[in-house]
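Enquirer: In case it's useful when we look at the structure, here is the feature table from TrEMBL:
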| type | residues | note |
| --- | --- | --- |
| REGION | 1-69 | region 'Disordered' |
| COMPBIAS | 13-24 | compositional bias 'Low complexity' |
| COMPBIAS | 33-44 | compositional bias 'Basic residues' |
| COMPBIAS | 54-69 | compositional bias 'Low complexity' |
| BINDING | GLU149, ASP211, ILE213, ASP214, ASP363 | Mg(2+) binding site |
Amino acid sequence: MASRAGIRLTHGRSPLLAASASSSRPPPVLCLRRSKPKPYRRHLPVPLWRPLAPRSSPGPSSSSYSTGISSPVASMSSSSYEKELAAAKKAASLAARLCQTVQKALLESDIQSKADKSPVTVADYGSQAIVSLVLKMELPSEKFSLVAEEDSADLQKDESQETLKRITDLVNDTFSSEGTYSISVSVEDVLVAIDSGKSEGGPHGRHWVLDPIDGTKGFLRGDQYAIALALLDEGRVMLGVLACPNLPFTSIANLDGHSSENQTGCLFSAQTGCGAYMQLLNEPSAAKISVCTTENPADASFFESYEAAHSLHDLSGAIAKKLGVQAPPVRIDSQAKYGALARGDGAIYLRFPHKGYREKIWDHAAGSIVVTEAGGIATDAAGNNLDFSKGSTRGHQRTNPIFCIPSVVLSNGTPPILCQISASLFLFTFYRNK
């Protein structure tokens, strides 16, 4: 139990309780709207963030406020990452196609359990192999570094050879059905592709970051999941793609993550300074998206992790009540929440993991830039930018965290909501230090 004597308020800065230097825990993360804060009345809390540098490109247009989606556009602004973004979108879309095939006919033999008891499917492995292979084919002249969730250790065991063959067949069938790549991969090729994700990352050079299936439990239930792919350059997230095969193309607000809408399957993409976009999976045209402009918490749609094991629902509920949120939470798996919030489906997302749980770099890299480029900001609770540059160290096992944060808060960032979230975070402080 942490000593309350190790907690202090910093006068004139953000009104949060920060752990003392003796604490090994990093501060919580906030993903909030990047906009110039309006003047605050004296009796309101001080803003929870430090103002960031202005954008180099225009923010979301006012025409997208009602739906969060503006008119379709033919292409995004040109940048030095245009080729990489196109490759990332192609890789994530193909991985999504493989995952859809597996989900439609999921067999018990397609599910294994990792050392941490979390499930892993043939789709996780197949998705990682597809992304690795596509990025290498699309960007052959670039040095390849991938930080990803899976490795092939379990697949190389004698009892896993049938599973490995099934993964190889799925990868080949996916390439064959897509038609762009005339290749046939072997079992050995698949193992090498999966293990390409063992990069240590770090603050220098370019590193791809991948969660081949974010929300595996949602995938197994037939609900929401995402293929999350981002590119780091010198430690900064420069682009991100979220492929969400089961996410309706229209708003999921107040629908518990489900919709009767016939069009499902969304591809979110963003690159630094160029905005965030959404399109149907396997469709070429994209629309620029932006966060909603809700200011009254009573009118806000509130996102929450579907699995109670992933987040403290009672704490999230207490904060939502304090904020005055009236609608029941919309519970949804994976970084699909980031895409939904970025297009204006909701205003608030709170995630407070149970004590001892550690987030990974791939849990937030792609989603954070989608939210940021849709009009949000991403900071920790001290107002610092999220640091994805730490990488992993060879002195730690792969199961150890690459990126550790004790909480995530997403918001559309309008000042009234932001102020009240700031005050409500005192609840989290007390929970964390019990």
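Note: Cβ is positioned from N, Cα and C throughout, glycine not excepted.
Quick one: how deep are these features, and who are their neighbours?
Expert: Over all protein chains present, the Cβ of GLU149 (Mg(2+) binding site) has 25 other Cβ atoms lying within 10 Å.
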Enquirer: Counting only residues 6+ away in sequence within the same chain, which have a CB under 8 Å from the CB of ASP214 (Mg(2+) binding site)?
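Expert: Those within reach of ASP214 (Mg(2+) binding site), by Cβ under 8 Å and sequence separation of 6 or more, are TYR225, ALA226, ILE227, ALA228, SER334, GLN335, TRP362, ASP363.
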Enquirer: Between ASP211, ILE213, ASP363, which of the binding-site residues has its C-beta surrounded by the fewest other C-beta atoms within 10 Å?
Expert: ASP363
